[in-house]
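Asker: Dropping a structure here in C-alpha cells format, bear with me for questions.
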Amino acid sequence: MSAIVDIIGREILDSRGNPTVECDVLLESGTMGRAAVPSGASTGSREAIELRDGEAGRYNGKGVLKAVEHINTEISEAIMGLDASEQAFLDKTLLELDGTDNKSRLGANAMLAVSMAVAKAAAEEAGLPLYRYFGGSGAMQLPVPMMNIVNGGAHANNSLDIQEFMIVPVSQPTFREALRCGAEVFHALKKILGDRGMSTAVGDEGGFAPNFGSNDECLSTILQAIEKAGYRAGEDVLLALDCAASEFYHDGKYQLAGEGLQLSSAEFSDYLATLADKFPIVSIEDGMHESDWDGWKLLTDRLGKKVQLVGDDLFVTNTRILKEGIEKGIANSILIKINQIGTLTETFAAIEMAKRARYTAVISHRSGETEDSTIADIAVGLNAGQIKTGSLSRSDRISKYNQLLRIEEDLGDIASYPGKSAFYNLR
C-alpha cells in the first residue's frame, strides 16, 4: 500500500509573478510527488473557483495562503493514510470534503495541487513515468502542438481582439520534427517583425504581441513566416485561432475594437467563415460567447465539418456542460484545462466523454503557468492527440515541450505523431 504520510502545501509564484499553490505528497516508502497549479487570465464564468485571499495589501489580493492552509489542515487530515494509487477514491474524498458544486470552499487550486501531487507520488512509487501511469501500455501517441506565436486580447497589450494566433505543424513524422518546425517559424516571424520595425516583445504565453492593423494582416504575416522558414502553409503547417469571444462580447454584439466592427452572432459566424476560406485554418476556439449557444449552433452548422470548433469557456472541462453540448450539436471539440475542474479524475472523465462522442480533446496550459509539466504526460497518457502550451519562448512553456521530447525518446520506435489525423472528425 502506497500510504500517504505527509502533505505540504505552499505558496509559490507563477509565470506572471502572481501567487499559486504547490503541494508535496510524501508516501510511506519515502517517495514524493510535487505539483504546482496554473491560473488563467480569460476565464469561463462556470470554471471551478480558485481560492484567493483578497487582501489588498498583499500581492494585490491574489495571495493563496487560505488555499495552502486548507491543504495543510483539512485536506491533510482527510487523506492522511490513504493509498495514493487509488486516485478516483482520493479525488472523491476531496470532492466530498469541499461539498460545493464549484469547489469554492476549499478552492480548486488547493484540490488540484493535491490531486496532481498524489498521482506523481503514486507513479514514482510504481516505478513508472507519469504518462505511462496515466495511460498504461496504450500510451504511445504524441500530441500535435498548437503553438501560439502571436498573442492578442487579454494575453497582450496590443490592438488585436483575437487572443491567440497559432501554427499547427502537421506533415512531420515525429514530434521532435514538429517542434523544430514551430521554432523555425517562430524565429522567421521574429525576423519579419524586426525588419518592419514592429515589436518583438512577447505576451503571457510567449508569442509576439505587435500592433497589426487587422486579423487579416496578422494571419498573412504568419503565412509569410511559414514560407520564409521553408515550409508550405496549408500542407506542412496549418493555422488555428483562439478568439476568446466572451472577452469582446458586449450588449449582444461581438465588438472587434481593433477593426471597428460590431457584429451579431450570424455576422461574426460569417466573419470567421471568411477567415477560414481565406487562410488554412484548421481550428477555432471559443468562436462565440460562452452563453451564446444559438451563435454556437450557427457556427457549428456553418463550419463544423471543415474546422475544429473548440469549446473552452463554453465547456470549462465539465462533463455536465459537455454532455449538453454534445446533445445539442454544439462545437466538435473540447479544451481540457485541469484547473477549470479541479481534480484529475474529473479531467480524465471529460476527455473520455469527448472521445466517445467523436469530439476531439485538446490538452491546454493556462496563461499563468509554472515549470510543472504534468499536462504533457496527460496528453500522451490519454492519447489526446493535441496540446496547446504556448509559443517557442519562456521556460514555463518550453518545459512542456521538453517533457514531450523526453517522452518521445522514452517511447522509442513505438512513438507516433498523428499530424493531420489528429483532426479526425473533419472532412
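Glycine is treated like the rest: Cβ placed from N, Cα and C.
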Asker: Using only what Swiss-Prot says about Mg(2+) binding by E285, D312, identify which of D242, D251, D270, D301 is listed for that site too.
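Answerer: Answer, per Swiss-Prot (Mg(2+) site with E285, D312), from D242, D251, D270, D301: D242.
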Asker: Kindly point out which candidate in K328, K337, K420 is recorded by Swiss-Prot as part of the (2R)-2-phosphoglycerate site with Q163, R366, S367, K388.
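Answerer: When Swiss-Prot describes the (2R)-2-phosphoglycerate site, the candidate it includes is K337.
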Asker: So which other residues, same chain and not among D242, E285, D312, have a Cβ within 8 Å of the centroid of the Cβ atoms at the Mg(2+) site?
Answerer: Q163, E164, L241, C243, A244, I284, D286, V310, D313, L335, S364, K388
Asker: List only the single closest residue to E205 (active site, proton donor), chosen from the binding-site residues D242, K337, K388 by CA-CA distance.
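Answerer: So, of the listed binding-site residues, the one sitting closest to E205 (active site, proton donor) is K388.
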Asker: Can you name the binding-site residues among K337, R366, S367 whose CA is within 10 A of the CA of D242 (Mg(2+) binding site)?
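Answerer: Qualifying among K337, R366, S367: none.
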Asker: Taking Cα-Cα distance, which of the binding-site residues K337, R366, S367 are within 10 Å of D312 (Mg(2+) binding site)?
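Answerer: Among K337, R366, S367, the ones whose Cα sits within 10 Å of that of D312 (Mg(2+) binding site) are K337.
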Asker: Using DSSP with the three-state reduction, classify K388 ((2R)-2-phosphoglycerate binding site) as helix, strand or coil.
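Answerer: For K388 ((2R)-2-phosphoglycerate binding site) - judged by DSSP and reduced to three states - the answer is strand.
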Asker: At a 10 A cut-off on CB-CB distances, which of the binding-site residues K337, R366, K388 has the highest count?
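Answerer: Per the Cβ count within 10 Å, the most buried is K388.
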